[in-house]
Amino acid sequence: MKAVIIGTTTLAIAAGLGFYTWNTSRSAVPCGDTAVAGAAIGGPFELVSETGATVTDTDVITKPTLVYFGYTFCPDVCPLDSARNAAAAYLLADQGHDIGTIFISIDPERDTAQIVGDYTDNFHEDMIGLTGTAAQVDAASKAYRTYYRKQEGDPEYYLVDHSTQTYLMFPETGFATFFKREHTPEQIAQTTACFIDRIG
């Protein structure tokens, strides 16, 4: 599997989207090395939940939420990242912080609402799985500045190249920061708790 974990995606976030250091008036210590504020990441989307209902971003991002784009047929990267995000959510719960986790499929051809729901249930009982039409998924991906591309070849067992950032979103203020693959559950939990303490 060739999940795209390349510098160009990070550069796009940094250079093209307004990469800002967190406002020092809020705190003298930043919340992690990828802490940003005000970047044009995230925004309105309309997708289909694992129950089959059409939902918007405001329906599912009702608290601090980790948002990840992947697909259920992904052989290695997506399961590892989803398990890590779930582990971070459990760590935060132990600290008294209630956060959400969302998995957005970038493979709407195969990932039905039921398939996405079964997939997310493997990682966290409250993880929300989202899919949709090709147009809906593409719009959500563009809003979050993610990359994905279906590989040529087998029409049934194809793979999808994709970026692998996990985004921390807040319902009122939007994008807070993103996490790369090398971030551990403990690091994600620590940074997320820092933002929760700041933003409230």
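For all residues, glycine too, the Cβ spot is worked out from N, Cα and C.
These numbers come from a predicted model, not from an experiment.
CYS78 (disulfide bond) carries a helical DSSP state (H, G or I). The feature disulfide bond is assigned by TrEMBL to CYS74-CYS78.
Residues annotated as Cu cation binding site in TrEMBL: CYS74, CYS78, HIS162. CYS74 (disulfide bond) counts 22 other C-beta atoms within 10 Å of its own C-beta, drawing on all protein chains shown.
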Counting every protein chain present, what is the number of Cβ atoms, excluding its own, within 10 Å of the Cβ of HIS162 (Cu cation binding site)? 25
